[in-house]
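A.B. asks: The following block contains the structure, expressed as structure tokens.
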Amino acid sequence: MRTLRIWGVERGDLRSLAFAALIAAGGELAGLALLSTAAWLLLRAAEQPPIAALTVAIVAVRTLALLRGTLRYAERLAGHWVVLRYLGSLRTRVYESLVPHRNQAHGGDLLARAVSDVDAMQDAVLRCVLPALVAAGTGLVTVIVVAFASPVAALVLAAGLALAGIGLPMLSARITGAAARDRAPSHAELAAHTVELVRGADELAVFGARERALGNANRVADRLARQDKRSAARVSALGAAGMVLQFGTALAVCLLAADLAGPTIAALTLGTIGVFEVALPLTGAAARWAEASASLRRVHDLLTAPAPRPGPRQTPEELVRVVATGLGVRYPGREEHALSGLDLDLPYGKRIALVGPSGSGKSTVLHALLGLVEPSAGGVTVNGVALGAFAPEALAPVISGALADAHVFHTTVRENLLLAKPSATDAELRAACATAGLGDWPDGLPAGLGTVLGADGAAVSGGQRQRLVLARAMLANPQVLLLDEPVEGLEPATGDAVLRSVLAEARGTVVLATHRLAPLADERAFDEIVVLDNGKVIQRGSHRELVNVQGYYADRWRAEASLVSAAARR
Ligand SMILES: Nc1ncnc2c1ncn2[C@@H]1O[C@H](COP(=O)(O)OP(=O)(O)OP(=O)(O)O)[C@@H](O)[C@H]1O
């Protein structure tokens with residue numbers, strides 16, 4: 001009962017499914033009766049009895065032929081009606097349970113997978129559950145009818161049907177399940193190769209590596225084809241075993257009923273062959289069920305995932321203090337922690353810079369402060385309330401910023417900016433662009449702010465795209481502004497000037513992840529500099545404190561200063 005509740009199956013759905021199965025079983029039984037009666041009629045007619053002895057059978061054949069067609073049509077209607085009605089309500093429940101995951105980095109993938117998982121359920125009910133119910137009903141009635149003519153033949157028929165309808169499908173499910181598990185890594189590998197071939201087509205062509213990449217993808221595709229062929233051969237062998245079972249049982253029934261009249265033997269034998277036609281497709285249905293079971297498990301997990309605690313929906317009114325305590329992050333599939341044991345205290349207005357070599361965890365800190373990655377240890381609080389307890393829309397005006405991989409939408413410059421502040425006037429949009437170092441760039445575009453950017457901002461340069469993301473962050477004007485290398489790629493002097501104007505416009509707390517140290521030399525600009533390496537804090541303090549202590553920061557500062565003076569000498 002609990003399982004049915006989880007799946008949202010109502011009593012009405014079960015009744016409709018049973019009704020559809022009943023109609024379908026009726027259709028199959030009508031087909032079997034037609035086959036047997038026709039066989040009986042042919043053989044009896046060969047004995048040339050008076051026509052009156054055949055009248056009932058003749059009428060029965062006509063009636064059964066009509067009944068079979070009508071019931072099959074009704075079964076299609078009833079089966080699809082119940083499944084589509086049930087899936088309608090299931091879809092709503094699945095999408096509702098997806099809502100809390102909408103902020104996940106791969107939320108789009110999650111949605112796409114949920115859509116195909118729910119579709120797989122339709123297949124599972126129509127092509128697995130319904131045929132199994134129909135086969136069980138048809139088999140049972142046939143065995144009972146045969147038992148009236150010959151109880152021993154009925155026993156043999158029951159045993160044959162159990163093997164064909166239960167034994168073979170179980171074997172088939174086991175073979176397909178094992179094959180799907182074996183194939184999963186190859187599937188993932190092929191998908192990764194395909195994505196690289198498509199997304200990296202230009203680079204592969206430029207470096208002459210296309211043939212090699214194609215070869216790698218083809219090797220995986222061949223391996224996958226071999227695995228598919230192996231499991232298909234095994235399932236086909238089961239199909240062949242089913243046919244041997246079908247004709248073996250029919251022969252046994254024929255021999256066991258040998259002392260009955262010829263037409264009855266023919267009716268029983270053909271009926272036996274016919275009822276196997278209902279049971280044998282279950283071998284294929286079980287294989288389908290095994291393939292769909294991963295989808296069913298995922299939908300089940302989604303439906304049973306604990307609902308997130310209802311957090312404050314209101315944006316904190318007062319000025320916020322963000323605190324990270326013992327913050328650790330480990331990405332799925334990674335052994336080592338991307339971040340560990342980070343403590344940050346960010347009262348409103350504090351400005352800190354995160355510095356460190358590439359891969360040291362700077363972006364991970366920003367993602368964790370935005371709640372985009374799940375901490376593996378410790379956590380982040382906003383005014384003492386866990387970050388995860390807030391509804392995302394409540395936090396948006398409080399903490400946001402410009403991330404390195406921020407998306408630029410395939411729409412106009414205006415729409416891209418209005419995302420941050422829907423009520424902004426064109427003058428505000430232009431001001432944000434100017435602060436982000438774009439100057440009067442929008443006015444120089446073919447249609448000004450109305451110019452449509454390509455997919456993921458393909459129609460603008462990388463630097464312009466980055467500054468557009470920065471302008472969007474400035475327009476949002478959050479209490480806590482997170483900036484990930486906001487001016488990387490700009491000529492250093494211009495970049496420093498843009499950063500200065502961004503810091504001057506920012507109203508509250510700022511967390512800046514940066515490689516460039518020159519802007520940090522201004523002691524008034526940053527209260528603290530945190531140096532990360534391998535996800536751990538290795539130094540923290542003001543610029544003056546850090547340059548005087550041996551270590552990454554002092555070394556980098558000297559290297560940067562010598563580059564600057566060399567450039568000045570030139
Ligand atoms: N989505 C992810 N999945 C798995 N590992 C990740 C993911 N994002 C980052 N990492 C790993 O986490 C570590 C920290 O990465 P992060 O991007 O935070 O470093 P970073 O200091 O910002 O680097 P950079 O200066 O190059 O941007 C790296 O080892 C990186 O490979």
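Every residue, even glycine, has its Cβ placed from backbone N, Cα and C.
These figures come from a predicted structure and were not determined experimentally.
According to TrEMBL, the protein carries these features:
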DOMAIN    18-294  domain 'ABC transmembrane type-1'
TRANSMEM  21-43  transmembrane segment
TRANSMEM  49-67  transmembrane segment
TRANSMEM  128-148  transmembrane segment
TRANSMEM  154-173  transmembrane segment
TRANSMEM  235-258  transmembrane segment
TRANSMEM  264-287  transmembrane segment
DOMAIN    320-559  domain 'ABC transporter'
A.B. asks: With a cut-off of 8 Å between Cβ atoms, can you find at least three pairs linking the transmembrane segment (264-287) to the transmembrane segment (49-67)? Only pairs 6 or more residues apart in sequence count.
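C.D. replies: They are not in contact.
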A.B. asks: At a C-beta cut-off of under 8 Å, are there same-chain residues at least 6 beyond the transmembrane segment (154-173) that contact it? List them, or none.
C.D. replies: 135-136, 139, 142-144, 146-147, 235, 238, 241-242, 245-246, 248-249, 252-253, 256, 272, 275-276, 279-280, 282-287, 289-290
A.B. asks: Which one, 21-43, 49-67, 235-258, has the most C-beta pairs under 8 Å toward the transmembrane segment (128-148)?
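C.D. replies: Stretch with maximum Cβ contacts: 21-43.
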A.B. asks: Excluding the flanking five residues on each side, which residues at least 6 beyond the ends of the transmembrane segment (235-258) place their CB within less than 8 Å of a CB in that stretch?
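C.D. replies: Contacts of the transmembrane segment (235-258) (Cβ under 8 Å, skipping residues fewer than 6 from its ends): 146, 149-150, 152-153, 156-157, 159-161, 163-164, 168, 171-172, 175-176, 264-265, 268-269, 272-273, 276-277, 280, 283-284, 287.
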A.B. asks: Looking only at the domain 'ABC transporter' (320-559), what is the model's average confidence as pLDDT?
C.D. replies: 88
